[in-house]
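As structure tokens, the structure follows; a few thoughts come after it.
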Amino acid sequence: MTDIHSLDHARALDAADPLPTLRSEFHIPQHDGGDQAYFVGNSLGLQPRGVRAQVEDVLDKWSMEAVEGHFRGHSQWMSYHRLMREPLARIVGAQPEEVVAMNSLTANLHFMMVSFYRPTAGRPAILVEAGAFPTDRYAVESQIAFHGFDPATDLIELAPDQPGGVFSMASIERAIAEHGHRLALVLWPGVQYRTGQSFDIGEITRLSHAQGAMCGVDLAHAVGNTELALHDSGVDFAVWCHYKYLNSGPGAVAGCFVHERHARSDVPRFAGWWGHDAATRFQMGPHFQPTPGAEGWQLSNPPILGLAPLRASLDLFDRVGMKALRKKSLRLTGYLESLISQRLDDTLQVLTPAEPERRGCQLSIRVRGGREQGRSLFEYLAANGVLGDWREPDVIRISPAPLYNTHEDILRFANGVDAWRQAR
Ligand SMILES: *Cc1c(COP(=O)(O)O)cnc(C)c1O
């Protein structure tokens, strides 16, 4: 029988993998003279080597062409954001007009709610998952209050019904049915950041719409991780960031999706000149005429230097495609899960659902024995060049990113846990 814990086996899996790694396209942080085993792509993705050239391109253009850089050449700044939209649309399963790279995630969430959270006295409520990422909760709560409603009654937070903080689809269905007549909006994650659980966006959208509510999704942990089909799901809007699995750098310009059915609607919005119809924008007229589609929600002329890294990252995604990438992700995370279940079960407990269709690449792993044990293991791993991230009180998140992580990286995690256990 093959020993899945041997280095030879891990290396053989890497060598035989149907999708060769793009690891050499990334800068890998170093530790003790070798590569770090970096599992924190769910927080800040690694830097693609192509980023520097894209940023330098913009700097060169600015230095040589100055204001004329707006209007010259293929990567002219007037339409620079357009270079992103087709590759982005492929990643999220959308039509090009449905996506735009702009602002930051939380800003986009607010702007989307301005248009798609239109509470009335009879229907004021928003449904979210209990334990949502704080910024999402702050945004939703402040929108409810902004409209003069009361978050105490109109922010409905559904508690997980399964062990480890996981949701059954039945519990989501029940909550939407129970509160349906009062719901203006359902806001749900594509992949929950704490547990790594992924959700059926099409089904949640269908249930929301059946009750007369709008549906939006936060894809911070889903984009570039799971296969998405936003257009077909029918979801009204989606927001995400580009610094996690999209590898576009700290605080990178974020992404936004508005479904085609709203492309030409006259829903209220907070407008800015870059959302104005590009054909007439520079007539500088007083009346706002939105560009059809997601671009019509843009406000300002985009930060070109901020967008430049995204171009380099999207090139890498286009080289492999989400379908092949997701398949590789399933192999890597499946290997991580096998190593844990075969050898480390007495030390670690995986909280993320076991069914591959209910998770992305991340496993949220509880360290048995409580916080002190957990911190000790986390620090031991970090000191030995294996970096995950820590969630209070006792969870380590390990997210093998299929663009650059390998089976060998994953074996280093398992060996690290084993060595820590032996040393105690
Ligand atoms: C990472 C993350 C954010 C971050 O929001 P920013 O506006 O980019 O700072 C928000 N929501 C979720 C669910 C996240 O995972």
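Note: Cβ is positioned from N, Cα and C throughout, glycine not excepted.
Curation plays no part in TrEMBL annotations; they are all automatic predictions.
Per TrEMBL, pyridoxal 5'-phosphate binding site is recorded for Leu105, Thr106, Phe133, Pro134, Thr135, Asp136, Asp218, His221, Tyr243, Trp273, Asn301. TrEMBL lists Lys244 with the feature N6-(pyridoxal phosphate)lysine.
Known features from TrEMBL, placed on the structure.
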residue : record                              : contacts (Cβ under 8 Å, 6+ apart)
Leu105  : pyridoxal 5'-phosphate binding site : Thr135, Asp218, Ala220, Val239, Trp240, Cys241, Ala254
Phe133  : pyridoxal 5'-phosphate binding site : Pro189, Tyr193, Asp218, Ala220
Tyr243  : pyridoxal 5'-phosphate binding site : Leu44, Gly45, Gly249, Pro250, Gly251, Ala252
Lys244  : N6-(pyridoxal phosphate)lysine      : Gly41, Asn42, Ser43, Leu44, Gly45, Ala220, His221, Val223, Gly224
Asn301  : pyridoxal 5'-phosphate binding site : Trp77, Trp273, Trp274
Among Leu105, Tyr243, Asn301, the binding-site residues whose C-beta sits under 6 Å from ligand 1: Leu105
Binding-site residues: Thr135, Asp218 - member with fewest neighbouring CB atoms within 10 Å: Thr135
Tyr243 (pyridoxal 5'-phosphate binding site) in three-state DSSP notation: coil
